[in-house]
Structure formats: C-alpha cells, structure tokens
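In Swiss-Prot this protein carries:
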REGION    88-156  region 'Interaction with PAFAH1B1'
REGION    167-290  region 'Interaction with CENPF'
REGION    181-246  region 'Disordered'
COMPBIAS  204-214  compositional bias 'Polar residues'
MOD_RES   Ser211  phosphoserine
MOD_RES   Thr215  phosphothreonine
MOD_RES   Thr228  phosphothreonine
MOD_RES   Ser231  phosphoserine
MOD_RES   Ser239  phosphoserine
MOD_RES   Thr243  phosphothreonine
MOD_RES   Thr246  phosphothreonine
LIPID     Cys274  S-palmitoyl cysteine
REGION    279-335  region 'Disordered'
MOD_RES   Ser282  phosphoserine
MOD_RES   Ser309  phosphoserine
Amino acid sequence: MEDSGKTFSSEEEEANYWKDLAMTYKQRAENTQEELREFQEGSREYEAELETQLQQIETRNRDLLSENNRLRMELETIKEKFEVQHSEGYRQISALEDDLAQTKAIKDQLQKYIRELEQANDDLERAKRATIMSLEDFEQRLNQAIERNAFLESELDEKENLLESVQRLKDEARDLRQELAVQQKQEKPRTPMPSSVEAERTDTAVQATGSVPSTPIAHRGPSSSLNTPGSFRRGLDDSTGGTPLTPAARISALNIVGDLLRKVGALESKLASCRNLVYDQSPNRTGGPASGRSSKNRDGGERRPSSTSVPLGDKGLDTSCRWLSKSTTRSSSSC
C-alpha cells in the first residue's frame, strides 16, 4: 500500500521494482511453505507423540481410576473397620471406665475395711493385753489359792493329828478315871481332903488351859516337849517357802499353832497329875472306917471324893477338847 503512491522515473525501474518485490514475496511464500511443511511435519510428529502420550495417559488414567476405585473400596472397608473398631473401642473404654469406677469403689471399701481391721486389731491387742494381765492376776491368785489350800490341808492334817492325840488323851483319861474309880471302890483313902484338893487343882488347870490367851509363838513353853508330828512342820515350811505369807497371817497361824500345842501340853500335864494322884492315893488305902464309908457311899450315894474328882476332870477334858476343835476351825477359816 505504501508502494502504490510511489513514483518511478521509468517503467523499467517500475518493472524491476515489481519484479524484485515479486521475488521477495515469492521467496517469502517459499519460506512460508517450507515453514508450513516443517510445521505440518512437526505437528504430525507432535500429534503422534501427543496421541502416544494420550494413550499412555489414558492407560495410566484407567489404571489410576481402577486404583482409585480399589483405594476407595479399601477406604470404605477401612472406614467400616474403623467405625467397628471405634465403636468397639468406645465400648471397651466405657467398660474400662465402669471397671475403673468399680475398682475405685472397691479400693475405697477396702481402705475403709483396712482401717476398720486396724481399729479392730488395736482393740484386740488392747483386749489381749488386758486378758494377759487378768490371766497373770488370775494365775497369781490361783497360785496363792493353791498355796493357801496346801497350807490349809497341812493344817487339816495337823488338826486330825491333834484330834487323834486328844482322843487318845481322852481315852487315857477315861482309863485312868476307871482305874481310879476301881481303886477308890477297893480302898478308902485316909484323908479325903487331899483328893478334893487335887481335884480342885485339876479343875483349875483345865480352866486355865481353856482360858489361856493367844500369845506369839516365841513364848510357848511346854510345846517343845510334845509329840507334834513332823509332817505339819514340813508342810508349813513347804507351804510358806514358795511364796511367803504376809506377816499378820504368819503370826496369826503361828499363834494358833502355839496355843494348840500349849493346850495339848496342859492336857498332858493334867493327865500326868491324874496319874500322880492315883499313884499317891494307892499306898494310903486302909480297910476300917474307909470300907464302911465306901459301903455307905455305895448305899447312900455320897462318894464325895470320887464325885468331885472324876466328873470334874471329865468336864474339864471335854471343855478342852471342844475349845481345841473350835480353835482349829477358827485357824482354818482365818488362814
């Protein structure tokens, strides 16, 4: 368009101009065609390559789709499994929480039970200590009671021995009274006054024997010469040797034993005086007026000497025996 307004000086110049322009456009056309062919060839190659790539991409896409479908199926399966596991885990967690709550409650109960057991154990230990103390006290009292029983048994044995001795002395006194009565029947004494004096002396000795106060064992007199059984002393030593008695109980027991021994000694002295009385009256028997007096006694019932001596001795002996029995009973109860 720019060339249309151009002016040429000649036609040849214009023809050359147009020839050159035609050649230029022709060259451009050839170049353009060549470029077109190259572009077409490149396009075909590129198209083939694109088709190949497209096929590959489609194949890959199909593979990916199948893989995607498989993965989706797996995802669904995994989701289902996850839901199942989640629900199962939730149930397990709920069960574990319930178990934990129960365990905590059981733990609290066990702790409370342990505290109660500890308190009960403390109470039992205190009760055990109290029981042990009471048992020791009971054993001590039992041992004391056993010792007292042993001491009382020894005293009972001694009482029986003393009663046997008293009975023996009573038998001897009765025999002596019978012998004295026989001798008085056979012979009448010269002077009846000594007999009355001896009877009164015997009665006084018996009354003194019954009224002797309790004195300590250190003041006993004739008890050392009595035939006291050794078993009582051994029993007394054995009973008081393990656990000593209190001083008051020991002094009381010794006083009672000393009094009993003095009473027995007095009874033996009384019997000895009766024997001496019989032996003193035996050489002084006469036959004259004494026989008449004795017959008068048998007839009239006077018999003053024998009535004053023999019944009086029997009465004193019985009184001494009763007092001895009461004293032994009091000693047993006091010990």
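Each position is counted from 1, following the chain as shown.
Each Cβ is built from the backbone N, Cα and C atoms, and glycine gets one as well.
Sorting the region 'Interaction with PAFAH1B1' (88-156) by DSSP state (H, G, I as helix; E, B as strand; all else coil) yields 69 helix, 0 strand, 0 coil. Neighbour density for Cys274 (S-palmitoyl cysteine): within 10 A of its CB lie 23 other CB atoms from the protein chains shown.
Across the region 'Interaction with PAFAH1B1' (88-156), mean pLDDT in this model comes to 92. In the three-state DSSP reading, the residue listed as 'S-palmitoyl cysteine' counts as helix.
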